[in-house]
């Protein structure tokens, strides 16, 4: 931005610095997170003394509550008795873990750039940095799976310069690097190759967690890659701004991880996906620092191919992402929630389709859950008493007896509105008009808010269910509007067919949710759960087979391999069904040219063998 306009013609005017540096976040581990299960260490689901499900802690609206309806409902859906005695995790001890491959020259050189507090060879720290949160990861680390290779040490750089020094040390001394952010991936992107003979250094960005500057006049901020979503949200809010990017993992995932996986947030209708939000990226690569020259940030540019796009979705293959310049927005004047009931999934789908055509009238977020997931959310409610219980019975009678909604067919839509009072009011009016067109009825703001709050509390259930011998996981896709209903139906049918043929007991739990809408299509989440008893290892293989069948059905019917979870090792084998041999070859050649020594063996590596 130009300063005083009193200079001579042709004189370069001084620039006014509009950037402010917020108070720095402590560079330390707050110790709040579980190491090998999802979430905060003070929150977990468990079986109470009276045999009901309960959740501990105080962080969520349901914390401290009991849910007596859930387990009986699950037994009805899965057609089997769910045990009340929980399996105990069998995590590896230090003696169970593979010995590190030590490269003394590498360690000696690293020690010249990092102090000892930034270098860990602790076996349990190394264990945490070999996995994300896929079902396979959780089964392996918690229930006696064989772990043959983990990082040999963990490094904690605190600056871009230190990250560059680590990469140079690996290049000069024969190591390789595994970038690590929040460790929340569900694609086995952190799996270490059992045949890797070099020292594997996991490089955690958790100490690179600061907002370096905020420019409110130009709606920009520069944030280090290790900053966790919940901290970014809080620190920007203190400046009166928001990033607006809220994936379901926002409490624990990092900015660098969002870029590396090409993430999507629940409020993308208002703020965009991560590739829409990020304007510049710094990456420590084998050739040096990947960045643009200078300090100016432009809203758009046309300067040949934009190589920054190679970093989105690179999954650790291009280098260590150290920071990014992002768009930020003033905190919204208004935030409101809404919920709608529809008599059928088809009616809800048509509502979503019509809503997607309204352009700026879209709420920040809109989600549609099928009947099974709607029933699940009803079962995951604390019991009510007194006036609240009476009110609930009256509402249920109105829905089922007056409106004639079938409890076995009805579905729910939750909405989140953000913006000015005028914008939100206009969006709400549009929603009201369309829900009437499609036979819906408003279900209140409280149910809408509860639906979004459940996003975070419900994430703990998967790891709890494993203690009951139930394996569960979510997977997602994107597809055209015209393909969405058929994909939802056929994937469910395929899972039931494969489950029946597998010899597994009972029935699977299968549900779907349209979680994002676009002008041309949608993102669909699927949720799958099966009972395997105490054979967690063998059950994991059967679960993977079922999920593979579901993925095959998705691809056969026009769905993508992933909307935002990424590929990792888990889905890499499917790439030839989506990319031509020429495209795969070009990706491989880009990787080899950029990293000829294979310092970053994840992500794009090994494409020649796909």
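Cβ from N, Cα, C; glycine included.
According to TrEMBL, the FAD binding site annotation covers 248-254, 261-264, 315-321. Following the DSSP three-state reduction, the secondary structure of residue 248 (FAD binding site) is coil. The C-beta environment of residue 248 (FAD binding site), restricted to residues of the same chain at least 6 apart in sequence and closer than 8 Å, consists of 266, 455, 456, 459.
When Cβ atoms from all protein chains are considered, those within 10 Å of residue 462 (substrate binding site) total 21, not counting its own. The substrate binding site feature in TrEMBL is assigned to 462.
Taken from TrEMBL, the feature compositional bias 'Basic and acidic residues' applies to 9-35.
Feature annotation from TrEMBL assigns region 'Disordered' to 1-37.
Of all the Cβ atoms in the protein chains shown, 25 others lie within 10 Å of the Cβ of residue 367 (site 'Important for enzyme activity'). Sequence annotations record features per position, and here TrEMBL assigns site 'Important for enzyme activity' to 367.
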*In angstrom units, rounded to an integer, how far apart are the Cα atoms of residue 263 (FAD binding site) and residue 367 (site 'Important for enzyme activity')?*
17
*Mind giving me a neighbour count for residue 254 (FAD binding site)? Other Cβ atoms within 10 Å of its Cβ, every protein chain shown.*
29
*Cβ neighbour count (within 10 Å, all chains shown) around residue 316 (FAD binding site)*: 27
_In the three-state scheme derived from DSSP, which category covers residue 316 (FAD binding site)?_
coil
_If you count, for each of the binding-site residues 251, 263, 319, the other Cβ atoms lying within 10 Å of its Cβ, which residue has the minimum?_
251
*Take the C-alpha atoms of residue 462 (substrate binding site) and residue 251 (FAD binding site) and report the distance between them in angstrom, rounded.*
17
